Amino acid sequence: MAKPTSRNDRFALFFITLIFLILTVSKPVASQNCGCASDFCCSKYGYCGTTDEFCGEGCQAGPCRSSGGGGDPAVSLEGTVTPDFFNSILNQRGDCPGKGFYTHDTFMAAANSYPSFGASISKREIAAFFAHVAQETGFMCYIEEIDGPAKAASGEYCDTEKPEFPCAQGKGYYGRGAIQLSWNYNYGLCGKALDENLLASPEKVAQDQVLAFKTAFWFWTTNVRTSFKSGFGATIRAVNSRECSGGDSTAKAANRIKYFQDYCGKLGVAPGDNLTC
């Protein structure tokens, strides 16, 4: 005959069961930060989304929002990047390959299909983004790197130590698009995020006007945005760290700072501190 369970034993069993339930219920919530799509944020509570509620304070993963290096408020991307502002950046030389390729309409089309870029963005961050675009493309003059094919032929931009992103024969992974996406691993990761096989067809970035901006948005939200909370200088290091090492490249970093200050002026916002890298 089984020994009757005492009141103390029943209480201990209830307490142990309660602790077990708390632990097992809380784990799935915490683990949700691995389940969001690449262009969605995981909130501090473990849910996916693209607004400030998800990408703001406490954001655990994804394209989390920063304070913009100075806490300036979020603005409407469409209302801030007007045709006049956009066109003021364009290089108006008649021989520019990018003339007619980079347009305000295609910029907005790309932003609408990649909502996490502009869902909660500040004027200062907009100025920072376009400062890097201006430097990388010559004020949106160049669609692809001038000497890119020659560099690709010599084996540059193909990192063989990343076998998960194999370089396709006859393909070059040199700079293309609004922020000059480079290297096989970036083409691979970006292509996966955008559902495009960019490892097999990297040239698509220089052929598709919307994709040329979407790759820039991907690079920005994945590699640059979180650095911006430390000031513009940190974004220079994130985009091209070689420009922070002195020598001739220092002039290019100075250009980025100048453009950033100029665009902040156009948008009526202070550039903040920590401009250099």
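Placed from the backbone N, Cα and C atoms, the Cβ positions cover glycine too.
Per Swiss-Prot, the feature active site, proton donor maps to E136. Secondary structure at E136 (active site, proton donor), as computed by DSSP, is helix. Neighbour count (other Cβ atoms within 10 Å of the Cβ, all protein chains): 23 for E136 (active site, proton donor).
The number of other CB atoms found within 10 A of the CB of C42 (disulfide bond), across every protein chain shown, is 22. Residues or ranges marked as disulfide bond in Swiss-Prot: C34-C42 (among others).
Taken from Swiss-Prot, the feature disulfide bond applies to C36-C48 (among others), supported by sequence analysis. Mapped onto three states, the DSSP output places C48 (disulfide bond) in strand.
Marked as disulfide bond by Swiss-Prot on the basis of sequence analysis: C41-C55 (among others). Secondary structure at C41 (disulfide bond), taken from DSSP and collapsed to helix, strand or coil, is strand. C41 (disulfide bond) is surrounded by 29 other CB atoms, counting those within 10 A of its CB over all protein chains shown.
If you look up Swiss-Prot, you'll see C59-C64 (among others) marked as disulfide bond.
Taken from Swiss-Prot, the feature domain 'Chitin-binding type-1' covers 32-66.
N274 (N-linked glycosylation site) is surrounded by 13 other CB atoms, counting those within 10 A of its CB over all protein chains shown. In the three-state DSSP assignment, the secondary structure recorded for N274 (N-linked glycosylation site) is coil. Residues or ranges marked as N-linked glycosylation site in Swiss-Prot: N274.
Annotation source Swiss-Prot lists region 'Catalytic' at 75-277, citing similarity to another entry.
Annotation comment: Swiss-Prot describes 1-31 as signal peptide.
Taking C48 (disulfide bond) as the reference point, the recorded positions whose C-alpha atoms are within 10 Å of its C-alpha, out of C41, E136, N274, are C41.
It is C48, among the disulfide-bonded residues C36, C48, C55, C59, whose Cβ has the fewest other Cβ atoms within 10 Å in the structure shown. In the three-state DSSP scheme, C55 (disulfide bond) is classed as helix. Checking each of the recorded positions (C36, C42, E136, N274) against C55 (disulfide bond), the C-alpha distance stays within 10 Å for C42.
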